[in-house]
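According to TrEMBL:
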type     : residues : note
COMPBIAS : 511-521  : compositional bias 'Basic and acidic residues'
REGION   : 493-521  : region 'Disordered'
TRANSMEM : 33-53    : transmembrane segment
TRANSMEM : 65-91    : transmembrane segment
TRANSMEM : 112-136  : transmembrane segment
TRANSMEM : 156-176  : transmembrane segment
TRANSMEM : 188-210  : transmembrane segment
TRANSMEM : 222-241  : transmembrane segment
TRANSMEM : 262-283  : transmembrane segment
TRANSMEM : 303-323  : transmembrane segment
TRANSMEM : 358-380  : transmembrane segment
TRANSMEM : 386-404  : transmembrane segment
TRANSMEM : 416-437  : transmembrane segment
TRANSMEM : 443-462  : transmembrane segment
Amino acid sequence: MTDGPRQRSSTAGSAKDAAGEKESGGVALKKEIGLVSACGIIVGNIIGSGIFVSPKGVLEYASSVGVALIVWIITGLITAIGALCYAELGVTIPKSGGDYSYVKDIFGGLAGFLRLWIAVLVIYPTNQAVIALTFSNYVLQPLFPTCFPPENGLKILAAICLLLLTWVNCASVRWATRVQDIFTAGKLLALALIIIMGIVQICKGEFYWLEPSNAFEPFQDYSVGLIALAFLQGSFAYGGWNFLNYVTEELVDPYVNLPRAIYISIPLVTFVYVFANIAYVTAMSPQELLASNAVAVTFGEKLLGVMAWIMPISVALSTFGGVNGSLFTSSRLFFAGAREGHLPSLLAMIHVKRCTPIPALLFTCLSTLLMLCTSDMYTLINYVGFINYLFYGVTVAGQIVLRIKEPNMYRPIRISLVWPVIYLIFWAFLLIFSLYSEPLVCGIGLAIMLTGVPVYFLGIYWDNKPQCFHSFVDKMTYLGQKMCMVVYPAETGSGGGEEGEEMKEAMSPLSKEDNHKSEDC
């Protein structure tokens, strides 16, 4: 952990620090993410394998098809409200890092570090490992039609997938966004096929479970607790809607494209989720849907005949794009954390020619590969899913706090405070029922998060570390720079305050040596 100074809230100056590229001529992150790629990041990260493999979590707790569809629609609307709140925060505090940056600037260094800690320790490595394993499973399954693919084979292919996509992301931002665009388009085409087949089924009169008398016929007794769990499952299904905020500094015209991408992507995903689920129940009963381990594959076997192979390939393509999107955005979160002094400074550096955050990408890849070696990934995801959702509410609450603390702050987008209040009411409702239904899981998640408190005070808050520690960190940083050919970005030197100045001084030899190479950026 880096030995940065005490973190202070720097909200008032953040817009000035992070907005636009400075005319310094130094190395900087490229603004290469346009509107289409921005939409691809949001849609590609929300729509993973879940809608193809197991969209049954909502139906299982909703107790009927009709209530399940209502839950999907309401959850999409709430997600859109949360995204609007993040849009205002994203253009008010235009830093990469998303909710980590907002929480740190509004509530202080400790709160921001805890958000970063849980993401670095568990959330991103486990999620990326699970998505990569899902990709491996669907690629290898045709080779093992009568049994499960070998576990070692799954892990090796998942590792190859991670290494390949890490190389693409290290090589070029443009390559990474093109991969994301292509695979997002592929998964949308596959879902369009499912929706079209559903429409064909309805035209044939196959809509028994969509008739109101049947749609709201419960297959188990309704209860408030189960409905709350259905909403919680729906909220998890929309996870990833905030990922574009992690790459704000690489957006072309973020004041325009950030909100515009949100306005396009969230309604699109809501439409796809609702109508894909409608299509599923035209071919399967609720009982068949709940019993299937791969809903889209079962759907394809029933309706596509010899073309049923399209569905497993679609799942594989979807998960491949999901891994790429997660690597791209999570590396920017770690980059932002290092720039603020909350992670080793090496992770805040970018390649002198390619202008990509190679150390942060390698760190993300390595942590995910290590997670592939463990057998407790799914347990960890259950524990920290609650914490991840907790910070969504904390971030939106920060929007209200910021309005009170900084009423005159420049806000290119200013939404009514009614919207964050609505979001927080819904968020509190789900949080209370999560604690009520699974107190042990939520408690363990909180305990994992709180392990970051001593790390923060020892690694960051404590200023007077031994000189030998500083020397060791400087040597390791310089070695990492030489190996990766990276320097600290010129335009973010002031963004990290005193820490940024200290790091620039420590890295000046290599920065000066390679400064002439930065013209390509």
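Every residue gets a Cβ built from N, Cα and C, even glycine.
Residues 11, 82, 85-86, 88-89, 92, 99, 102-103, 106-107, 111, 115, 118, 123, 232, 235-236, 239, 242, 417, 420-421, 423-424, 427-428, 430-431, 434, 438, 441-442, 445-446, 448-449 of the same chain, all 6+ positions outside the transmembrane segment (386-404), place their C-beta atoms under 8 angstroms from a C-beta of that stretch.
Between the transmembrane segment (188-210) and the stretches 112-136, 262-283, 358-380, 416-437, 443-462, Cβ pairs under 8 Å are most numerous for 262-283. In terms of C-beta pairs under 8 Å, the stretch of 65-91, 358-380, 416-437, 443-462 lying closest in packing to the transmembrane segment (112-136) is 358-380. The transmembrane segment (33-53) and the transmembrane segment (416-437) are not in contact, since fewer than 3 Cβ pairs between them lie under 8 Å (pairs 6 or more apart in sequence).
Within the chain carrying the transmembrane segment (156-176), a Cβ under 8 angstroms from the stretch's Cβ atoms is held by residues 29-30, 32-33, 128-129, 132-133, 135-136, 139-140, 250, 320, 323-324, 327-328, 331, 351, 354-356, 358, 361-362, 364-365, 368-369, 372, all 6 or more beyond its ends. If you look at the transmembrane segment (65-91), the same-chain residues 6 or more away from its ends with a CB under 8 A from one of its CBs are 58-59, 98-99, 102, 209-210, 212, 214-216, 222, 227, 230-231, 234-235, 237-238, 241-242, 244-245, 248, 254-255, 258-259, 262, 266-267, 269-270, 273-274, 277-278, 281, 286, 392, 395-396, 398-399, 402, 411-415, 419-420, 422-423, 426. Looking at which of 222-241, 262-283, 358-380 has the most CB pairs under 8 Å to the transmembrane segment (416-437), the answer is the stretch 222-241.
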